[in-house]
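As written in Swiss-Prot, here are the features:
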- R41: L-glutamate binding site (BINDING)
- A75, S76, W99, T147, D166, Q189, N231, T232: pyridoxal 5'-phosphate binding site (BINDING)
- K190: N6-(pyridoxal phosphate)lysine (MOD_RES)
Amino acid sequence: MKKYNFNPGPSILPQETVNNTARAITNFSNSGLSLMEISHRSKDFQLMINETIVLFKELLSIPEGYSVLFLGGGASLQFCMVPYNLLETKAAYLNSGAWASKAIKEARLFGEIIEVASSREANFSYIPKNYIVPSDSDYFHITTNNTIFGTEIHHDIESSVPLVADMSSDIFSRPINISKYGLIYGGAQKNLGPAGVTFVIVKDSLLGNVSRPIPSMLDYRIHIKNESMFNTPPVVPIYASLQTLKWLKTLGGVEEVYKKNKEKATFLYEEIDRNRLFKGIAATEDRSLMNVCFIMNDEYKNLESAFQQFASSKGMVGIKGHRSVGGFRASIYNALPKESIKALVSVMREFEKIHCKGI
C-alpha cells in the first residue's frame, strides 16, 4: 500500500535527496568510501560544504555581510546560543507557541526578557498583533511558523531593532527579505534535510557586542572563523541538505515552491471548511502553509479515533495532532506532492459519506 507522509519532522524529503544520499552512503563521489566515512578535512567534503553554502545563499538571495553556518544541537541549542551572543541587557520576544515559550525560558538565563505579546490564552490559535517592541531591546525574537498549533507569520516583520527568527519549519517555503533580519536559525528536518544539522544565517556586524565571555562551542564568531568546522560537522545531513537545495533549484526556486505551497494548503483548508465532520483550529488569517491542524466538529468528537484508524488504513502517516491540541495535523512541507493532499482529502470525503446522512 502506498504511504503518504505527513510527519511533522523529521519529515518527507524529495525522492532525489533520498536516492542521491543513499548512493553517496555507499560510494561518495567515486571515492570508494562511504559518505559516513570520509574526513571532513578532505577535499571532497570541502567542495561539498562550500557548494551547499553557495546554493543556500543563492536560493535565499542572502546579501553581503551575512554568514551561513551549519551546526549541531538543533534549534533548541539556538534558544540559548542566540542570547549568549546577542543579549547584553534586554530582548523582546513574541510568544506565539510552544517553541517560542521554550526560547523565552532559555533567554531569561541571560538577561531581561520582555514578552511583548502572547496568544497563550487562546491556546496559541493566532499570531499576536498590535504589540510594541521597546526601542532599547538588543533584539526582537519571533517564531515564524508554529508546527504544533498551525499558525504562521506570512510576511517579513518590520522591526526597529535587530530581528531574530526561528524559521525551523518554514525556511525555503516562501520568499523572505534577508536584509530585514539580524539572525535566522532552524533545524533542517522540515524543509531542508534530515535531523542532525542546524542552519544559522547571521549578520556579521551583530556579533562581538556583548561583554560576557562566550564558550567557544557557543560563539558564532568561532564557527564563522572555522567555516562550520570548529568541531566535526554533521557530514551526512549537510550532504542531504545539498541534494534538497539542488532539487529546489530545479523546481524554479523559492518563488515557485511558494506557489505550490499555497495551492496545496488552499486545497486542504477548503475541504476542512466544507466537510461537516471537521473544523480548523487556527485563526483564518494566520493559518500555516506548512502545518494544517484540524479537529472533529463538536457533534462528531466521538469519531476522532475512528478517523485516525481509517486514515491510517488508507496509507496516511503522521496525521495525529500534537497532545497540546488533539485532533489531526497534516504537515505539508515543500517535498510533499499535491497527490498526497488529494489522497488525504479523498479519505476525509469518504469518511464523511460513511458518517453523515444525506451526503
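Start at 1 and count along the chain as shown; that gives each residue its number.
Yeah, the Cβs are placed from backbone N, Cα and C, and that goes for glycine too.
W99 (pyridoxal 5'-phosphate binding site) counts 20 other C-beta atoms within 10 Å of its own C-beta, drawing on all protein chains shown. Of all the Cβ atoms in the protein chains shown, 25 others lie within 10 Å of the Cβ of T147 (pyridoxal 5'-phosphate binding site).
Annotation for the binding-site residues S76, Q189, T232: lowest Cβ count within 10 Å of the residue's own Cβ, T232. Around A75 (pyridoxal 5'-phosphate binding site), the C-beta neighbours below 8 angstroms that are at least 6 residues distant in the chain are W99, D166, S168, Y185, G186, G187, T198. Looking at R41, D166, K190, N231, the recorded positions in this record, the fewest other C-beta atoms within 10 angstroms of the C-beta turn up around R41. Nearest neighbour of R41 (L-glutamate binding site) by Cα distance, taken over the recorded positions T147, Q189, K190, T232: T232.
Between the two most distant C-alpha atoms of the annotated pyridoxal 5'-phosphate binders (A75, S76, W99, T147, D166, Q189, N231, T232) there are 30 Å. Rounded to the nearest whole angstrom, the C-alpha distance between T232 (pyridoxal 5'-phosphate binding site) and the residue listed as 'N6-(pyridoxal phosphate)lysine' is 23.
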